[in-house]
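Notes follow once the structure below has been shown.
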Amino acid sequence: MPSIEAVGAREILDSRGNPTVEVEVVLEDGTLGRAAVPSGASTGAFEAVELRDGDNRYGGKGVTKAVAAVIDRIGPAIMELEATEQRLLDATLIDLDGTPGKSALGANALLGVSLAVAKAAAASSGLPLFRYLGGPTAHLLPVPMMNILNGGAHADTNVDIQEFMIAPIGASTFAESLRWGAEVYHALKSVLKARGLATGVGDEGGFAPSLPTNREALDLIAEGIDKAGFALGTDIALALDVASTEFYADGSYTFEGNSRSAEYLSDYYAELVSAYPIVSIEDPLAEDDWDGWVALTERLGGKVQLVGDDLFVTNPERLARGIALKAANALLVKVNQIGTLTETLDAVNLAHRSGYRAMMSHRSGETEDTTIADLAVAVDCGQIKTGAPARSERVAKYNQLLRIEEELDDAARYAGAAAFPRRRQAG
């Protein structure tokens, strides 16, 4: 396999108009791998560290330091490594940084290199990225968890829950699931218009109206599903990302204007799961509320998927702690939370070995990079969260999954309802 011959980087813009890092790696046979790094709005305290400039450019959010780290520090250190030696490459990156949170060179610098090398190696091998990473058996297309109504940190409104998602579990193919999701999205827009509600969109393409309660959002989506001609619960299920760390402080949660306990929220989620066909709840409790997580998982873990995002931050060590405590039952996978491809794959493998599900995810600050679409298929996630069927940085991932399904042809399998074995059956 060709070795690494050149490493370059540049500062580009993400979907929120903030700078991010793009890395290009060229191998000795001339093949190129390019990767752009995403960035989150609601970030966990335990995530790997993005290196930002902190000067006057771009309000302090420039990434010229991270770009320089790629060119001046990382490039020379990995020159002539074989591109297929991903684990060795990533270990080299981690050692070169030398800090627990990757704060010296920046997780944004390390991840850009890690992904660009993998993409170059795939190109050199003549394989699509999903096949290069997942091997000959990778064929499972994920259920798109479409965030069609935004609140929390993704929208400037009074809705606490950050994401209200639809999951087209009854579709027979990924292409059909994408069509169903798009049709519900447009139906929801007409429902909102008829109510005189705002139809502007948030960071991830979902609508962002101001609503009196969080349950009102679920009712509006249910109406949109019905208007589009689909059956709630059998054709299309619901999912939430509460992002509760965002409204947690000093041991309590400020929810719908009141100070609430973990026990109150647990009762609230139990009511929602009973009233609506909700298959997944992400970050229902805060990232350091371990006792609350354990109690909630014991109570609801047999009925609904409970996803740790801020809780686990795609970190195998934090995930191992959660598994030992029986906190949550699923892992959200965000490559930039941990900073290398190898560590991401290790986290997913640990989840699967331990009976936890895994959901591949974008960030609110995205680019046209489609790596996570391939990665979702490569690691058999069965679920992907990459926004509404709107805004091209979101749709880019969905379109890549369409291409993958087409390439797999008869071998393609759509995860569908099987992705959520804990779901409450409709009826």
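Heads up, the Cβ atoms here are built off N, Cα and C, so glycines get one too.
Binding of Mg(2+) is attributed by Swiss-Prot to ASP241, GLU282, and the same site annotation extends, among ASP219, ASP267, ASP309, ASP310, to ASP309. Of the residues LYS189, LYS385, Swiss-Prot puts just one in the (2R)-2-phosphoglycerate site with GLN162, LYS334, ARG363, SER364: LYS385.
In this structure the alpha carbons, written CA, of GLU282 (Mg(2+) binding site) and GLN162 ((2R)-2-phosphoglycerate binding site) are 10 Å apart. Residues listed for (2R)-2-phosphoglycerate, GLN162, LYS334, ARG363, SER364, LYS385, cover a largest CA to CA span of 17 Å.
For the recorded positions GLN162, GLU204, LYS334, ARG363, a Cα to Cα distance of within 10 angstroms from ASP241 (Mg(2+) binding site) holds for GLN162. Within 10 Å of SER364 ((2R)-2-phosphoglycerate binding site), judged by CA to CA distance, lie the following recorded positions from the set GLU204, ASP309, LYS334: GLU204. Secondary structure from DSSP puts LYS334 (active site, proton acceptor) in coil.
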